[in-house]
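Enquirer: Quick one: the structure is below, questions incoming.
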Amino acid sequence: MYETWQHVFKLDPNKTLTFKQLDAVCQSNTDAIIIGGTDGVTLEDTLELMTYVRKYNKPCLLEVSTMEALMPGFDYYGVPMVLNSQEKKWMMDLQHEAVKDSIDLLDRDRILAEGYVIMNPKAKAYQLTNCFLPTNDDVVAYAEMAETLFRLPFFYLEYSGTYGDVDLLKKVSERLDHTQLIYGGGIKSIDQAREMAQYADTIVVGNSLYDHFDEALKTANITKE
Ligand code: 1GP
């Protein structure tokens, strides 16, 4: 099911949209909703957002960035593994903890690893996970690792907060046959969404929902208009 997602909105439990805006997001042409954020993510806020979104028939993935907000009720659970982190914790240890604590709670078919490469040094997630900035060749090699060594379901080229390098995305896309390529970062318009969707299997739109809602909402129509 997640294999067919072309467009996804990412909602941050630590940020606010009006109910009217949330209704519009859930009724849009987007293929799915990801719930996740880097900081201030609480059980209460996540539960509230999930309950609201669940009124609609959109697939919903919880990105497990903190164990505190892990709960049943989602279609999928994305477990980030930050490939360009300089600390093993963000690649292995938190994931180990998540699996250990949730193994009896969640259906194992719903747990999906996301191999992240975070490319924006100003992004909170980049700083939190102590990333280094890889070269383009490094990124391509990480994609190869995701596909060939780890056989991850997702490779996530993450520019959170800034619009990324479409040429690099294209290069990465040429290396991935089985691993699903996700692009996220700085998409504010349908033209940008379409540009990245040429190469990414799935594009993610997050921040612009909170900054330029109407334009952001239109990005869900990449294949429709
Ligand atoms: C963030 O990749 C997503 O994790 C989307 O990025 O918030 O910049 O749209 P933006």
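Heads up, the Cβ atoms here are built off N, Cα and C, so glycines get one too.
For reference, TrEMBL lists these features for the protein:
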type: BINDING; residues: Lys10, Tyr156, Leu157, Glu158, Tyr159, Ser160, Gly161, Gly186, Gly206, Asn207; note: sn-glycerol 1-phosphate binding site
type: BINDING; residues: Asp12, Thr38; note: Mg(2+) binding site
Enquirer: What is the biggest Cα to Cα gap, in Å, among Lys10, Tyr156, Leu157, Glu158, Tyr159, Ser160, Gly161, Gly186, Gly206, Asn207, the residues listed as binding sn-glycerol 1-phosphate?
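Expert: Site span for sn-glycerol 1-phosphate, by Cα atoms: 16 Å.
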Enquirer: Under 8 Å Cβ-Cβ from Asp12 (Mg(2+) binding site), six or more apart in the same chain: what's there?
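Expert: Those within reach of Asp12 (Mg(2+) binding site), by Cβ under 8 Å and sequence separation of 6 or more, are Gly36, Gly37, Val41, Gly206, Tyr210.
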Enquirer: Among the binding-site residues Asp12, Thr38, Leu157, name every one whose Cβ is found under 6 angstroms from ligand 1, counting any of its atoms.
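Expert: What lies within reach of ligand 1, judged by Cβ under 6 Å, is none of the binding-site residues.
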Enquirer: Between Gly161 (sn-glycerol 1-phosphate binding site) and Thr38 (Mg(2+) binding site), how many Å separate their Cα atoms?
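Expert: Gly161 (sn-glycerol 1-phosphate binding site) to Thr38 (Mg(2+) binding site), Cα-Cα distance: 12 Å.
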Enquirer: Drop a 10 Å sphere on every Cβ of the binding-site residues Gly161, Gly206 and tell me which sphere holds the fewest other Cβ atoms.
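Expert: Each of the binding-site residues Gly161, Gly206 was scored; lowest Cβ tally within 10 Å is Gly161.
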Enquirer: Relative to the Cβ of Tyr159 (sn-glycerol 1-phosphate binding site), which residues of the same chain, six or more apart in sequence, are found under 8 Å away?
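Expert: Within the chain, Tyr159 (sn-glycerol 1-phosphate binding site) has Cβ neighbours under 8 Å at Met119, Asn120, Ala123, Asp165, Tyr183, Gly184, Gly185, Gly186.
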Enquirer: Leu157 (sn-glycerol 1-phosphate binding site) to Thr38 (Mg(2+) binding site): how many Å between their Cα atoms?
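Expert: Their Cα atoms are separated by 16 Å.
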